[in-house]
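Let me begin by handing over the structure; questions about it come next.
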Amino acid sequence: MSLKFTNTLSKKKEDFISINPNQVKIYCCGVTVYDLCHLGHARSYLNWDVLRRFLIWKGFEVKFVQNFTDIDDKIINRANKEGCSTDELSERNIDEFHKDMDTLSILRPTSMPRATKCLHQIINFIEELEQKKVAYSSNGDVYFSVDKHKNYGKLSGREIEDQIDNAAGRLKTNQKESKKNSLDFALWKKSNSGEVSYSSPWGNGRPGWHIECSAMVKQELGESIDIHLGGSDLIFPHHENEIAQSEACNGKELAKYWLHNGMVNVGGEKMSKSLGNFTTIRSLLEEDISPMTLRFFVLQTNYRKPLDFTEEALKAASKGWERLNNCLSFGYIYKIKDQSKNEIFLDKPIKKSANTKLDKNSFKLLSDFEKYMDDDLNTSGALSILFELSQPIRKIINFLKEKDINEVDQDELNQVFNKWELLSELAGVLGLKVNLNQEKPKNNPELDTNKIEELIKNRSLAKANKDFLLADKIRADLKNIGIDLIDKPKGVTEWKQLSD
């Protein structure tokens with residue numbers, strides 16, 4: 001089966017064929033950095049992280065670009081409210097964004113351009129649109145002429161005529177005077193007195209939201225890309241407007257494939273900051289929800305479908321991840337001596353291995369996993385394969401609760417280790433990173449205080465190097481396996497096992 005995606009542009013599931021063989025260029029719309037990220041952001045970026053990991057596993061070279069909108073009305077309003085500059089607010093929230101994404105083991109993009117760092121490219125892009133007579137300036141603003149783009153509405157399926165009256169009713173008085181058409185959208189906005197602004201041929205102002213992405217795509221990836229990503233709430237107007245301005249400027253198709261993730265719902269409504277029904281990633285993790293539980297929860301639902309967020313669903317995901325993690329931990333306990341040298345413990349993509357030692361059943365499961373993922377990233381189906389691979393490992397784990405590993409038939413044990421290696425590889429494709437298991441077999445000689453002491457030493461070094469993110473992560477990892485740390489004077493750290 002070939003790799004297929006549901007393309008919002010064609011409204012069909014299509015075979016994926018990259019523009020250049022073995023190379024994929026991807027652009028993902030990033031966050032507006034005025035606040036902490038919520039679960040809706042986590043859902044989106046976890047899904048696209050898995051897409052990227054899967055493409056790399058299949059042998060593609062992936063260039064993945066994701067932007068930051070660091071100047072916007074929301075940022076200006078929040079900065080005024082907090083009494084800080086827009087730069088200070090943006091910088092702080094960009095740092096917090098990285099902390100959240102790193103904690104969730106989301107691979108950092110190849111490039112993360114910021115709107116304020118791309119002003120030259122944005123202004124040049126707008127000037128090109130003016131030269132092509134598809135943009136016009138008015139009272140310090142610059143607008144895109146929607147009626148000059150014949151295919152406007154091709155992504156969202158909206159007809160221009162159906163939108164004109166609705167748009168006209170939403171216009172402010174000054175916009176009615178400036179716009180030629182109620183659907184025309186801003187490429188450059190004149191700044192109000194006292195607002196942050198940047199110089200331009202049209203006077204002081206700031207870029208419109210849509211033009212940022214078009215300029216950054218062109219700067220980072222060229223005029224045409226393979227895949228454009230975002231939430232379904234961005235289809236109109238943001239992505240529709242991106243297509244219009246990019247294709248009018250470049251005369252080429254902006255993206256072959258448009259993939260959109262569904263929304264996270266709470267009580268039947270979309271989770272959003274405007275509705276006040278959002279849960280931040282930070283607050284979830286502070287409630288002892290592990291990063292891998294959150295990833296597992298998200299991957300149980302296809303990326304295109306709505307994801308219902310309930311406490312019950314999160315608890316079920318926690319139990320499911322615990323079962324899978326117990327099996328992933330098995331190889332570390334009995335085979336892998338150095339965690340730092342094994343790919344399954346690291347936040348990096350995994351490439352497909354030769355898998356020469358697999359039995360017939362394991363080859364079939366490997367094939368089924370790839371078929372599920374090839375079918376529009378069917379992550380729930382892929383997870384079912386991981387649990388099927390886990391069954392013989394679980395059997396051995398249960399045996400070892402009462403017996404010694406030397407009592408297991410060596411051929412059988414070798415086959416189980418082979419299955420574990422495949423399980424670890426496929427879990428890595430989904431970005432599921434093993435946590436050392438709380439549920440150790442009773443006779444396991446490597447429930448090993450040496451490993452705990454080594455992690456504590458690594459944490460102390462991280463603190464000495466002021467790498468507090470790593471130090472906090474080591475503490476969290478130890479807590480996940482039932483170990484609590486107590487920091488004492490003079491840099492001494494003691495530990496104790498948490499009671500059930």
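Including glycine, each Cβ sits where the backbone N, Cα and C put it.
Note that the coordinates shown come from a computational prediction; the quantities given were computed from them, not determined experimentally.
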The Zn(2+) site in Swiss-Prot includes CYS213, HIS238, GLU242. Which of CYS29, CYS37 is also listed there?
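That Zn(2+) site, as Swiss-Prot gives it, pairs CYS213, HIS238, GLU242 with CYS29.
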Which one of 205-209, 265-269, 270-274, 410-414 shows up in Swiss-Prot as motif ''KMSKS' region'?
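From Swiss-Prot, the annotated motif ''KMSKS' region' range turns out to be 270-274.
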Between 31-41, 42-52, 328-338, 471-481, which stretch does Swiss-Prot give the note motif ''HIGH' region'?
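Checked against Swiss-Prot: motif ''HIGH' region' maps to 31-41.
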Ranking the binding-site residues HIS238, LYS273 by other Cβ atoms within 10 Å, which is at the bottom?
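Checked HIS238, LYS273; of these binding-site residues, fewest Cβ neighbours within 10 Å: LYS273.
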Could you state the CA-to-CA distance between LYS273 (ATP binding site) and CYS29 (Zn(2+) binding site) to the nearest Å?
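About 18 Å separate the Cα atoms of these two residues.
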Taking the Cβ of CYS29 (Zn(2+) binding site) as reference, which residues of that chain separated by at least 6 in sequence fall under 8 Å from it?
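Within the chain, CYS29 (Zn(2+) binding site) has Cβ neighbours under 8 Å at GLN66, ASN67, CYS213, LEU229, GLY230, GLY231, LEU234, HIS238, HIS239.
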Using the centroid of the Cβ atoms of CYS29, CYS213, HIS238, GLU242 as reference, list every other same-chain residue with Cβ within 8 Å of it (recorded Zn(2+) site), in sequence order.
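So the additional residues around the site are TRP209, HIS210, GLU212, SER214, HIS228, GLY230, LEU234, HIS239, ASN241.
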